[in-house]
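Report on the structure given below.
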Amino acid sequence: MTNPQQPHGPLRSFGRLKSRPVKPRQQALLDSLLPTIAVPHEAFQPRDLMPDAKETWLEIGFGGGEHMAAQAGRRPDVLVIGAEPFVNGVASAVRHVEEQALSNVRIHEGDARDVVGWLPDASIDRLFVMFPDPWHKARHNKRRIIQPEFVADLARVLKPGAAFRFATDWADYAEWTIERMLASPAFRFAEDGIDRQAIPADHVTTRYEEKKLGDCAPVFLDFVRA
Ligand SMILES: C[S@@+](CC[C@H](N)C(=O)[O-])C[C@H]1O[C@@H](n2cnc3c(N)ncnc32)[C@H](O)[C@@H]1O
């Protein structure tokens, strides 16, 4: 039966990313700080979260949050929304927010597809999907976050000209993503004919990336919303 709260289907946890018990100090920080920086669990306007923000960026599946926090720290004038269902990752991200005294980060502890569903049309200036769960076995490919329906949802929430960076260290997922993104008339590569394994100047190494679990060097796909 379809759950009206989850029109996209349930979240599937990948491998070792299942939750561990949260340490008491982390739990205390989660309890005190997360409610103050959580996004509403319903349709919302990003400008209501940070009225003076020049742009709104979204990171899907931020893991430990180091990339999200570093990007937010570089651009305090930008509202950075992150979504991650893994409680240990959210606890880590909240710690980064506290330690770096970031006032421009908002977090959804849960499925990014819900956040995308709540966002207004053309409301996001920049999107990151960094090293998403690869689901590299053929029978699991259907669990990948990049699916034609999700690409259509991203096309709706990204502003014309918005940038979308996707990174993976699984060669087949890079090909999968290129195929599905460029099948949509809403997306094109930001640049043609470049080395997609060159590390972008503004990239921040992620925890998953450091583990080198994939079958190739990281591939960075920078798309633009047409
Ligand atoms: C392989 S990890 C990479 C984490 C991080 N981006 C990094 O590079 O270190 C993928 C992350 O995506 C999260 N994830 C999976 N499905 C998601 C969804 N539907 N919405 C938000 N996050 C999701 C997982 O919990 C996991 O933390």
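Note: Cβ is positioned from N, Cα and C throughout, glycine not excepted.
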Asp111, Asp121, Asp153: which one does TrEMBL list with Glu59, Glu84, Asp133 for the S-adenosyl-L-methionine site?
Asp111
Could you look at Asp114, Asp169, Asp172 and say which one TrEMBL places alongside Lys137, Thr206, Arg207, Tyr208, Glu209 in the substrate site?
Asp169
Which residues of the same chain, at least 6 past either end of the region 'Interaction with RNA' (139-144), have a Cβ under 8 Å from a Cβ in it?
12, 14, 132-133, 173, 176
Among Asp169, Thr206, Glu209, which are recorded as binding-site residues, the nearest neighbour of Glu59 (S-adenosyl-L-methionine binding site) by Cα:
Thr206
What is the maximum Cα to Cα distance, in Å and rounded to a whole number, among the residues Lys137, Asp169, Thr206, Arg207, Tyr208, Glu209 annotated as binding substrate?
23
Can you list which of these binding-site residues (Asp133, Asp169, Tyr208) have a Cβ closer than 6 Å to ligand 1?
Asp133, Tyr208
Measure from the CA atom of Asp133 (S-adenosyl-L-methionine binding site) to the CA atom of Tyr208 (substrate binding site) and give the result in Å, rounded to a whole number.
10
